[in-house]
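For reference, the structure is listed below as structure tokens.
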Amino acid sequence: MGAGHGHRLHFHGHSPVHRAPAHVKVLVLLGFMLVVVATPRQAYAVLAAEAAVLLGVVLLSRVPLTYLLPRMVVEVPFVVFAVLMPFISHGPRTEVLGLTVSEPGLVAGIALLIKGSMGVLGALTLAATTEPQDLLRGLERLRMPDLIVQIMGFMIRYLDVVTAELSRMMTALRSRGCDPRSPRHWPVLARSLGALFIRSYERGERVHLAMLSRGYDGRLPDMERP
Amino acid sequence: MHVPDGFLDAPTSVATGVVAATAVAVALRGARRELDDRTAPLAGLVATFVFAAQMINFPVGAGTSGHLMGGALAAVLVGPWTAVLCVSVVLTVQALLMADGGITAIGTNITLIGIVTVAVGWSVFVLLRRLLPKTLAVVAPAAAVAAFVSVPVAALVFTGLFAVGGNAPVDLGAVAAAMLGWHTVIGIGEAVVTGLVVASVVAARPDLVHGAAPLIAERELVTRKVDVS
């Protein structure tokens, strides 16, 4: 059972954005998004300037937009909310394309759409240009508690192992005529999840013993990437 | 459901970030008590499990689907402190590596999904465990009720945050009603799946279920005479 050490969103490259230290990227993205969130919702010129900066960074990273845009489907649930907002908000009514909608709701919906999309695009760019190992080291430099970074490291390391285990279970269930989405089969699905928990926990115990036998004393050694 | 960037205003996002950081710092001390030096690998693997469990969607109706939040499930299985750590790590990785949930909303998401569901789920579970008969059979139903309660409460806390720092002029009563109604339905799914998962782990490895530990400690060793003929 080999595990890939890259992650699904990473896009290999050598641009300045790829080479920038991870902790700088995280801080810049966080600061940038805080400014975006704090921007008044009708300051469209400012929002446009911020979007231009973001697009500039995306272009600089040379990650193709055709790679990033399809991955923006994560935002579909809140797009639905943003689209609904003009209809469910109160306040003075206005007419758009023959529909009567709430004016403040429309403004808020558009602002949410712009800010949320910028957040998703920014986060995708961070994920596409940063290897998980670099991200972990970056978070360590940002003084995130050592234990949290370790837990995160183990999660990232075993993410593909455990999700592959789950998908093998799902394949086995489906090949026996089970539809995991149907509530009728929830008992079977839940037993599989229970089994997955036991397997994950026992894997954790084995990993811990293996680490102890290699001299683990509560801190991970500072290893350079091979 | 993860809160995206721009949903709540900047001061509220920063404030929830401070709340989340404080709670995670407290949980770090608590988790060391629950797991000692096994914390890093075990919490890491449990976090991976929570992430995998969240990938399973169940239909909620109207063509949409909800997924497990897993706060109450993790609390019953590995204890509340470790659960806070695991869910918080899952949310942070999702925000930083999968663009799921805004980076400025990490604090909000950790507060809602990582802290509120775990705290409410664990309190309800402990209360039920105290009230109900002390047998292993009550662990799964108690976990289900805990999961059911935790989801609408998280939705209510979200409505409260929305009232303080919401970026939309929506009628608050309507938001509260919609969030409560919707999340009660999601809560039923969460309750059924949580109860069934806990029941299957209790049946196979009751010693791994943190919430069942006091009940196992009270069990007496029974020797039965079996006629072999």
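Each residue's number is its place along the chain shown, starting with 1.
Glycine residues also receive a Cβ, built from the backbone N, Cα and C atoms like all the rest.
Annotation source TrEMBL lists transmembrane segment at B:7-28 (among others).
Residues 31, 66-70, 73-74, 77-78, 82, 85-87, 89-90, 93-94, 182, 185-186, 189, 193, 197 of the same chain sit 6 or more residues outside the transmembrane segment (B:40-60) yet have a Cβ under 8 Å from a Cβ within it. Sequence annotations record features per position, and here TrEMBL assigns transmembrane segment to B:40-60 (among others).
For the transmembrane segment (B:72-97), same-chain residues at least 6 beyond its ends with a Cβ under 8 Å from one of its own Cβ atoms are 2, 20, 23-24, 26-31, 33-35, 39, 42-44, 46-47, 50-51, 53-54, 103, 105-106, 109-110, 113-115, 117-122, 124-125, 139, 142-143, 146-147, 150, 190, 193-194, 197-198, 201, 208-211. For B:72-97 (among others), the entry in TrEMBL reads transmembrane segment.
The transmembrane segment annotation in TrEMBL covers B:103-128 (among others).
For B:135-162 (among others), the entry in TrEMBL reads transmembrane segment. Listed by sequence, the residues of this chain that lie at least six past the ends of the transmembrane segment (B:135-162) yet keep a Cβ under 8 A from its Cβ atoms are 3, 7-8, 12, 16, 69, 71-73, 75-76, 108, 111-113, 116-118, 120-122, 124-125, 128-129, 172, 175-176, 179-180, 182-184, 186-188, 190-196, 198-199, 202, 206, 209, 211-212, 215-216, 219.
TrEMBL lists B:182-204 (among others) with the feature transmembrane segment.
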